[in-house]
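In Swiss-Prot this protein carries:
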ACT_SITE  ASP264  active site
BINDING   ASN195, LEU196, SER197, GLU198  ATP binding site
REGION    1-318  region 'Ribokinase'
REGION    344-478  region 'Cytidylyltransferase'
Amino acid sequence: MKITLPDFTRAGVLVVGDVMLDRYWYGPTNRISPEAPVPVVKVDSVEERPGGAANVAMNIASLGAKSRLVGLTGVDDAARALSAALSGVNVQCDFVSVATHPTITKLRVLSRNQQLIRLDFEEGFDGVDPEPMLERIQRSLPGIGALVLSDYAKGALATVETMIALARKAGVPVLVDPKGTDFSRYHGATLLTPNLSEFEAVVGKCKSEADIVERGTALMQQHALSALLVTRSEHGMTLLQPGKAPFHMPTQAQEVFDVTGAGDTVIGVLATALAAGNTLEESCFLANAAAGVVVGKLGTSTVSPMELENAIHARPESGFGVMSEAQLIVEVKKARQRGEKVVMTNGVFDILHAGHVSYLANARKLGDRLIVAVNSDASTRRLKGETRPVNPLLNRMMVLGALEAVDWVIGFEEDTPQRAIAEILPDLLVKGGDYKPEDIAGSKEVWANGGDVQVLNFEDGISTSNIIKTIISGSGKN
């Protein structure tokens, strides 16, 4: 499917559901406890992230959309940490505080990128007065493009039938990430997004795609659903709609590090794209691409427009071309296993010219694989002025990816690619011009990893700025 990203800033999405705080304790394990046969983790860092429905809201905000969140919390430090983290990423919180219950908290202990144990601090919110939640939903419905109901069976969606009815009456599509086996609670929803295990718990074991289609179609009819999206892990996703052919999407994940919160990303991106004006099929395609990015990260994570742009134009099946940073890290790992030397460079590459081509060819000769990191449009404007870039990011990346010398192309939002370089850690970092190696962004990280940094010369007299001046002069403009 050919698709371009919509203007997510036009979208407004309301998320209602079970909010929670995800806590992560990280540290090395070098010995077994003398008290019991368990590893001892020496905790050296702690992290807190919004989880559950709050992670859905963060995924929406990370795309630049207007994200509003309604949920239940306690009156405690976890609630304050949750509110602070969400407000910091432009999620508008409208929580109902319940003094008699603690905020749901999940504590995960990790060592060497492996989760050792999870501890849950919760009582659930069953029996809490639903009226404050319903009032907040009613107040928020005008002006939003989609309602997401994120159900973790903790009590926030005790009156989910009423919530769906309110939204449908207001003409707002309702997307539900379900929980449990009683899907009758979601009667009349626009879309349900169960994973395969949740789906089979309701309809029985499916031995083939034909079973999924047949039983999914019956489920839609039974509960008056407008659509059903079954997420199927390594088998991708299947979208079912009454009267339409099934829409199967293969997975875009290159390597899975952590599936925590992947379902939150799917429904968050899907709802945002739908609210921004995409069709349901297009929205599912974008959600599938986003899931492929986020499972390559550790812990509950979000996806940025840049990562999504890279992912939907990637060629993961070939292992080369334009791709996301997460996909690139996987490919670089494979290249090193093959004994290949990885070279990396960066730039704006606005109007590609002979000087660029010569420089990139020379950089490629210094190793076996060449990565080109490209400034985003916003980054280019900050560096070059409001009239630049002439060519948008996707066009620049696609042209670079077509060059014989270039193996991989990624985009980055920052003014420099230092963060990306620190993540990728090439064997050789190359920069064109009259830089000193120690002044090149990312040089310290590459040296610390045992790599090298080298400066190459550009061809004299050839530059994008000069080309633009020549074009303007030739057109008779001053």
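Cβ from N, Cα, C; glycine included.
Structure with Swiss-Prot features highlighted.
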residue : record           : contacts (Cβ under 8 Å, 6+ apart)
ASN195  : ATP binding site : VAL230, THR231, ARG232, SER233, GLY263
LEU196  : ATP binding site : CYS206, ILE212, VAL230, THR231, ARG232, SER233, HIS235
SER197  : ATP binding site : none
GLU198  : ATP binding site : PRO178, LYS179
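Its Cβ placed at the centre, ASP264 (active site) has 30 other Cβ atoms within 10 Å. DSSP classifies ASN195 (ATP binding site) as strand under the three-state reduction. In the region 'Cytidylyltransferase' (344-478), helix, strand and coil residues by DSSP number 55 helix, 26 strand, 54 coil. Within 8 A of the CB centroid of the ATP site residues ASN195, LEU196, SER197, GLU198, the other residues of that chain are PRO194, PHE199, GLU200, ALA201, VAL230, THR231, ARG232. The average pLDDT computed over the region 'Cytidylyltransferase' (344-478) stands at 86.
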